[in-house]
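Undergrad: So TrEMBL has the following annotated:
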- 112-130: transmembrane segment (TRANSMEM)
- 142-163: transmembrane segment (TRANSMEM)
- 175-197: transmembrane segment (TRANSMEM)
- 209-227: transmembrane segment (TRANSMEM)
- 239-256: transmembrane segment (TRANSMEM)
- 276-296: transmembrane segment (TRANSMEM)
Amino acid sequence: MLRRGVAGANPARSLGSLFRGGADGGQSQRTRGAFGSAFDNAAAFAKKHWFTLSLPCMVYATQQSPDTMRKGGTLGYERYKDAFVAGIFLASGLSIPLTSMRATLRMWNVHLFTQGMCFGAAPAFFYFTAPRLQSDLGLPPAISTGWILLGTLPTSIGVSIAVTRVAGGSIATTLLNSAAGNLMGVFLTPMLCEYASGTSSSVPVSDAIVKLLLLVAMPSLVGMAVRHKVAVAARYDRVWSLMQPLCLLTVLAHVFSNAFHEYRDGIPGFDATSILKLFAACIAANALLTTIALLASAPMGFPAAERVAASFCAAQKTTAMGLPMMTTMYGNDPQLGLLTLPLLCYHPVQAAVGGVYAAWLRTLLRL
């Protein structure tokens with residue numbers, strides 16, 4: 001007959017002891033404890049970075065079945081695409097606490113510097129380095145064009161806030177500049193894309209701006225207004241933070257399905273080595289832009305926390321806004337998959353490089 005202590009044991013606790021070491025002690029307990037710790041760390045990492053980890057799975061699925069999500073495919077996704085794009089920015093607006101930005105509104109010089117880096121220095125950097133992707137790395141011309149388009153995008157909200165928090169920088173400054181930059185990007189990015197890339201978009205710039213106002217600016221502003229006026233909206237931050245990447249994954253699946261359908265026989269002059277070269281270029285670009293912004297802000301007399309926020313905002317690029325922008329402007333371009341590839345490579349790189357940079361900056365600036 002079982003003892004009462006065993007019969008009444010908590011199953012969850014027993015499972016935890018299986019991974020973290022039970023009551024029998026000794027070497028086996030330490031081994032199980034180490035395994036349990038590694039298991040917990042891996043689970044926490046997967047939970048935190050599930051979107052990035054899901055990207056290879058999404059790419060593989062669309063490669064195996066491109067007809068499901070492509071234009072004119074089985075699901076007819078293009079009929080619902082605009083709703084998913086608007087959902088990305090509605091969720092983004094619902095996630096932004098406007099009250100936390102009030103304290104930093106008066107620091108106009110910091111904001112002017114940050115937006116100047118995002119829409120001035122960064123586009124110039126990507127524009128002048130784009131020819132190197134072809135001449136030095138041997139990448140296709142469409143990748144170089146996509147590299148220029150990447151440079152014209154506004155900063156990322158999520159990544160910028162995450163790395164700024166790790167570095168001890170000003171979250172309020174990051175939040176204000178990333179939100180304002182994304183709204184300004186509705187107007188500035190299409191014009192910069194047209195001018196810098198020399199590539200005509202599928203729709204006139206004026207039409208693209210109008211469409212982006214409807215799909216990007218309006219849902220974002222509605223979301224921010226609801227967040228500000230309806231107190232209960234703040235309780236569902238986890239829902240909004242999940243809604244945005246899920247909508248973005250559907251847009252990505254559509255883009256890759258079209259690309260795999262178009263390039264069934266492969267892309268001439270592009271292979272696995274080309275992907276590694278592009279990742280290396282993204283690492284170098286993100287690190288250099290962060291360094292340039294940090295050095296350029298030194299003579300400005302900004303507080304250390306504001307310098308950190310401005311530097312990270314200058315180097316990050318938004319996938320959530322960049323991908324819908326590119327699909328809106330170049331949706332009918334058969335090379336859309338290649339045009340978006342630099343952005344998709346830059347997304348995981350900026351989080352990784354920013355994390356390393358953030359830990360170093362926190363120590364250097366004693367934040």
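Every residue, even glycine, has its Cβ placed from backbone N, Cα and C.
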Undergrad: Which listed stretch (112-130, 175-197, 239-256) has the most C-beta pairs under 8 A with the transmembrane segment (142-163)?
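TA: Going through each listed stretch, the top one turns out to be 175-197.
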Undergrad: Can you tell me which recorded stretch out of 112-130, 175-197, 239-256, 276-296 has the most Cβ pairs within less than 8 Å of the transmembrane segment (209-227)?
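TA: Between the candidates 112-130, 175-197, 239-256, 276-296, the best contact partner of the transmembrane segment (209-227) is 175-197.
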Undergrad: For the transmembrane segment (112-130), find every same-chain residue at least 6 residues outside the stretch whose CB is under 8 Å from a CB in it, and list them.
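TA: Distal contacts: 144-145, 147-148, 150-152, 154-155, 173, 177, 180-181, 184-185, 188, 192, 196, 281, 285, 288-289, 292-293, 296-297, 300, 302, 309-310, 313-315, 317.
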Undergrad: What same-chain residues lie close to the transmembrane segment (239-256): Cβ under 8 Å, and 6 or more beyond its ends?
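TA: Contacts of the transmembrane segment (239-256) (Cβ under 8 Å, skipping residues fewer than 6 from its ends): 51, 54-55, 58-59, 61-63, 66, 69-71, 77-78, 81, 84-85, 87-88, 90-92, 94-95, 319-320, 323-324, 327, 336-337, 340, 344.
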